Amino acid sequence: MTVHFPFQNSYSALPDSFFARVAPTPVAAPRLIKLNRPLAVQLGLDPDVLETPEGAEILAGKTVPAGADPIAMAYAGHQFGQFVPQLGDGRAVLLGEVIDKDGIRRDIQLKGSGPTPFSRRGDGRAALGPVLREYIVSEAMFALGIPTTRSLAAVVTGEHVIRETALPGAVLTRVASSHIRVGTFQFFAVRRDTDAIRRLADHVIARHYPELLGAERPYHALLGGVVARQADLVARWLLVGFIHGVMNTDNSSISGETIDYGPCAFMDAYNPSQVFSSIDEMGRYAYANQPRIALWNLTRLAECLLPLFSEDQEKAVAKAQDILGAFSDTFSDGYQAGLRKKIGLFTERDGDDALIQDLLDAMAKNQADFTLTFRKLGDAAGDPAADDARAQFMDPAAFDEWARRWHERTALEPQTAAERQAAMHAVNPMFIPRNHRVEAVIQAAVNDDDYTPFEEFVKVLAKPFEGQPDYAAYADPPLPEQRVLQTFCGT
Ligand code: AMP
Ligand code: MG
């Protein structure tokens with residue numbers, strides 16, 4: 001049996017300045033630890049063949065499959081506000097693209113597959129912990145219905161990577177609708193290569209925004225499209241308590257997918273200024289800052305596109321500002337509509353925004369668990385005697401006062417209690433990848449070579465909106481001694 005990848009590569013056909021041709025570096029003893037079988041099928045790959053030793057060698061970068069055209073993509077980026085003119089794939093190689101079962105072009109990329117011309121001082125490798133973390137969280141995001149890159153496979157390499165200590169090395173096979181970032185445009189903008197920006201923009205429109213192909217002003221429409229998708233994405237993050245942690249422009253995807261799971265985390269107790277990342281000392285990427293940062297990143301994208309807008313700089317800037325101006329409303333509309341659904345409202349009335357804000361304020365003040373408060377509120381919608389939502393509040397009376405107003409508001413709608421509960425349970429997950437669980441799963445794998453907890457966790461997170469009573473403990477917030485206060489970059 002040979003592994004067949006139906007590659008149809010388009011990025012590697014772009015000009016040479018877009019990437020460096022580089023093959024993955026072979027590793028000692030690849031061992032497959034996880035294959036995402038449903039995703040393999042979606043991509044037109046045979047999961048049984050991928051699970052053979054030959055498949056593991058490909059997923060570890062030891063052999064390059066027929067039809068692959070391995071490249072490391074060039075990009076620049078603002079990291080914590082500081083511009084770096086050349087970053088690029090320093091530890092990832094794009095094997096190629098396939099067209100999936102829905103006709104969507106998807107990148108297949110090996111992350112941790114060895115040095116590239118963009119590695120700078122890095123070793124091009126990834127440690128097992130961050131690979132498992134990305135696998136868990138990206139697949140959890142997918143199950144939550146949030147646009148994201150996916151994880152096709154994780155392999156251990158049989159080699160060690162040297163970080164603070166020697167750690168088992170691993171490779172993640174990442175799948176994305178593309179790996180084009182805001183930083184990809186910045187790479188050419190800083191080099192004043194307007195032809196390349198136009199080439200890239202045309203590629204992006206054809207690939208991610210085909211509906212704009214006939215637009216009178218396609219580059220304006222492109223910026224508008226990215227603004228809309230990013231605004232929608234960040235609203236969705238906030239609605240599940242997700243903190244990306246490193247929203248640099250090189251980690252901001254043009255397709256509107258969540259990309260680069262480094263120090264990301266879901267919050268337990270609701271706290272708008274929550275930060276987990278050890279390197280985010282100023283709280284630049286704090287939970288509630290994420291919309292502002294997304295707009296900042298999009299403004300950097302707009303700057304790159306200015307030469308395509310108009311020869312007249314002033315006109316181009318005015319147009320860009322106009323388009324960026326839509327971010328705020330698109331974000332707020334998505335966020336407020338999502339929150340209305342989270343508290344079980346079917347209609348929109350004056351006073352709803354205040355009702356919601358008062359709940360959030362009370363949650364913050366009372367260290368209420370974000371996920372469980374909304375989930376248990378669904379139970380309370382079905383049965384007013386259910387008091388688990390109330391139990392999330394340090395001072396339960398703060399909840400009672402709010403709940404009285406909420407019951408008055410929901411009574412204005414014709415839906416039955418059961419209908420409201422079902423609607424709420426469909427948007428308020430029971431299970432999220434809580435930090436302490438992610439850490440425990442990683443420890444078992446790294447220290448004991450035990451992947452049973454990882455497997456079980458991934459299985460539970462695949463159905464975040466289902467009750468799954470056998471796995472109820474996965475819904476629990478950490479005990480005080482289990483709390484994870486900091487997360488770290490994967491590098
Ligand atoms: P990240 O923090 O993963 O977004 O990475 C930022 C930049 O550092 C990207 O250009 C990565 O390719 C590069 N990078 C991160 N880790 C490594 C590594 N171990 N070896 C080489 N380059 C790396
Ligand atoms: Mg990155």
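Backbone N, Cα and C define each Cβ position, glycine as well.
Remember, it's a predicted structure, so these values are computed and weren't measured experimentally.
What TrEMBL annotates here:
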- G88, G90, R91, K111, D123, G124, R174, R181, D260: ATP binding site (BINDING)
- D250: active site, proton acceptor (ACT_SITE)
- N251, D260: Mg(2+) binding site (BINDING)
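N251 (Mg(2+) binding site) is 11 Å away from G88 (ATP binding site) when you measure Cα to Cα. Taking a Cβ distance under 6 Å to any atom of ligand 2 as the criterion, the binding-site residues G88, R91, D123, R174 reduce to none. Secondary structure at N251 (Mg(2+) binding site), as computed by DSSP, is helix. Residue environment of D260 (ATP binding site) contains 24 other Cβ atoms, counted within 10 Å of its Cβ in all protein chains. All protein chains included, the residue listed as 'active site, proton acceptor' registers 24 other Cβ atoms within 10 Å of its own Cβ. Near D250 (active site, proton acceptor), with the C-alpha within 10 Å of its C-alpha, lie none of the binding-site residues R91, D123, R174. Across the binding-site residues listed here (R91, R174), the residue whose Cβ sits among the most other Cβ atoms within 10 Å is R174. Spatial neighbours are here defined as Cα atoms within 10 angstroms of one another, and by that definition N251 (Mg(2+) binding site) has no neighbours among the binding-site residues R91, D123, R174. In this structure, R91, D123, D260 are the binding-site residues from R91, D123, R174, D260 whose C-beta falls under 6 Å of some atom of ligand 1. Largest Cα to Cα distance within the recorded ATP binders G88, G90, R91, K111, D123, G124, R174, R181, D260: about 22 Å as a whole number.
The Cβ of D123 (ATP binding site) lies under 8 Å from the Cβ of R91, P115, V161, I162, each on the same chain and at least six residues away in sequence. According to its DSSP assignment, R91 (ATP binding site) is coil. Secondary structure at R174 (ATP binding site), taken from DSSP and collapsed to helix, strand or coil, is strand. The local packing around G88 (ATP binding site), expressed as other Cβ atoms within 10 Å of its Cβ over all shown chains, amounts to 23.
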